[in-house]
């Protein structure tokens, strides 16, 4: 009965709360404060049915709904703030955020943690400030931006003696047309908290310029920030950029041993949420953190300074990280530039704007006091408080004094009357921006030589319009560069002597002589699959001027066009594809073993089950009908299928110059690309996109842009252009590409008359783009190498459409690499290249030892190696037998020397071998013998020190956890 009474009382109290607060109005201890002016409320559907802000999840976890208490903005670009006290006094940890907002009504939201809000009202205009003491940004959400998720085991520390006591929510209402019905809005954030201590603590590292001056009319001004990191290791997982209207692009890097690794790069005019880094970046003692903001002073009549008003500018990069709990710091700052000369080598991407869709552009403004100022009016110098260079470690003081606790409180209005320039001017402008060579210079006067950029919003609109590319809100992946032009940068060093690919001269497959070989691929068993044209030939009579196939009367190819070949002896294991194709072209195989092929005569894409005779599983395009809409292709060239999502990408093709994406079921999703024009094609322009290669762990799709002689890579989810790889040695054509972890293989075409570049294969370090090897066949020669495929052991196959030949190439010296494993994901990379940051590997063999092991395995498993397994076994057994004889002789001599003539020689193999294993006290302990030698330990191989990464647990440490995270102690600071 007592329990029922308590339950009834609780329901009654909750009902009263719902009626009184109307919309999650949690009457915290702040309820005694004066309330914001408000009238009788009528609530939107979103506000109905809520019973309170605190929801228990289990004994230790609870959810906190932090929402606006039913507000109706009256003007566009209204910023409302509200606060909520942490419902517990003890220490807690924020482990997840869930936005509760509609894109139709809310432009963006920020959630701060502090000890005292700026206002005592239930909500207030944010121009009054956010907090009176300290403010730390915990979360940011923006329309069209990706969500921010905390990694498992990571949490923000709140409450207790040192954590924040209040949450302050800031909501920006952009376009208020959705409020024509005067409904109430309860947008906000649901915060998941736990009382369970987290092993990793999240924090914020703020990089901020405090002394940048932007001269009026200056075309390009760089604000550079750099600090040496001298703390315990931190691991970056998200970032956020912030400037006002003059900002073009903000980029952040970790610099280690002169190598620039991208943390994040974003357009500050995009919604300023936290964006996840493509791959976690670790920062350790001695690394340098560097950031650059690119501004323009065009349109200003006087110098622009760093400050808190809309007439001022800001250069902020927020880096969200986590650290091991016992070493964790909740905030760090950098406001200096300790290495200005270092920025001479900053990647060129740092000065190149990122295109955005017009509806994604951020609305900016700071402080209502600037709303009535004319944009061309004289700009006041910042106040003394704004100019003060504060202590580097005082993050909250920086926010309070420099930003006035009002960062991101915007009042700039979008001006629809701004006019664009002509299209021809724009084309030249974009081309110059992309092709300009001295983008990496930090000097503002040198940067002024760049092409004019104009208004940031208009430039991005134009780039979108001319490129026809899907814009992205996500940053480029962690890498050391974006793209270079021929002859620039460290692109073509001498090929490394440690890595060389040569033709396997005893492979008989070179004499198969099928028809024109158009495609090659490898199945799950590493069998070679060939797609060829039989007795059909693609020549000048095959198509008319409208790309309609003219030799339909020949009928389909009457022989099997798909051959499965044994990779060792080149025997045909299986064949199919009879009476189905006219002019085969591209071939790829998905993770389920299905074949994806294209036919340029049929203008179609086929999905085939190699073990079924029921016909194609899926057909895309219309037979013999070229076209450029969602249902037609025009001579499609290749297909790539994303392993995790099943997304289908088609390069289309000889006469469409686009990439088309379909769902796994064949439904059109999107397309991007356009025909290139002029001698300097822009990113996203193609002249025969001929071959595709997926880079799954980076979510990239690389395209062999054949007639432009280059390789372009794009994000598979956003279609953002990531990088271009182009070398003078490519010549005018790149026919085909293939990717294996860490490496990109390519083959070019025959040189034009007067050109010197030979037709050959290339091996490139995917991280840096540099060529590390070139190769050619010995038997026969390349004439039109049409497709290439590589296996993860470095075996390469190339098919030639003119010589009707397939070559097999292998590594003459095993590439030295390391195998890095984290959470079941293995990444192989060149030892000298820092491609993707991975945790430190322990109890792994060194790369040289691993190389020897792999070579032994290869010798014992490859029939074509010419080394007999019997011979190897004999060579291994003989030394063992000799050693056994020696030991037995020594034992016999020892027995005689001590007069033990009656002792029988131990003939038991168990006892003899036992002493070999070190189990007998007087025996020969080979384990101790080898353990005493340099480079060995009793625990096995010494750990490979994988620079800049976590440490993984020993295989036999007996713990149940998958990893053992141990942050190493920092090195002592230099005496100087």
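Note: Cβ is positioned from N, Cα and C throughout, glycine not excepted.
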Next on the checklist: Please identify which of 510, 520, 660, 722 is recorded by Swiss-Prot as part of the Ca(2+) site containing 587, 787.
Outcome noted: 520
Item to check | Candidate annotated in Swiss-Prot as phosphothreonine, out of 420, 959 | outcome: 959
Checklist entry - Which residue, chosen from 847, 860, 961, is annotated phosphoserine in Swiss-Prot? => result 961
Next on the checklist: To the nearest Å, how far is the Cα of residue 533 (protein binding site) from the Cα of residue 690 (Zn(2+) binding site)?
Outcome noted: 17
Checklist entry - For residue 585 (Zn(2+) binding site), what is the secondary structure by DSSP, using just helix, strand and coil? => result strand
Next on the checklist: If you count other CB atoms within 10 A of each CB, which of 533, 585, 690, 706, 786 wins among these binding-site residues?
Outcome noted: 585
Checklist entry - If you draw a 10 Å sphere on the Cβ of residue 654 (protein binding site), how many other Cβ atoms land inside? => result 22
Checklist entry - Reported in the order helix, strand, coil, what are the DSSP residue counts of the repeat 'NHL 2' (570-611)? => result 0 helix, 21 strand, 21 coil
Next on the checklist: To the nearest Å, how far is the Cα of residue 654 (protein binding site) from the Cα of residue 585 (Zn(2+) binding site)?
Outcome noted: 11
Next on the checklist: Need one number for the protein-binding residues 533, 654, 706: the maximum pairwise CA distance in Å, whole number please.
Outcome noted: 21
Checklist outcome for this item: Restricted to the region 'Interaction with RASSF9' (928-945), the mean pLDDT of the model is 36
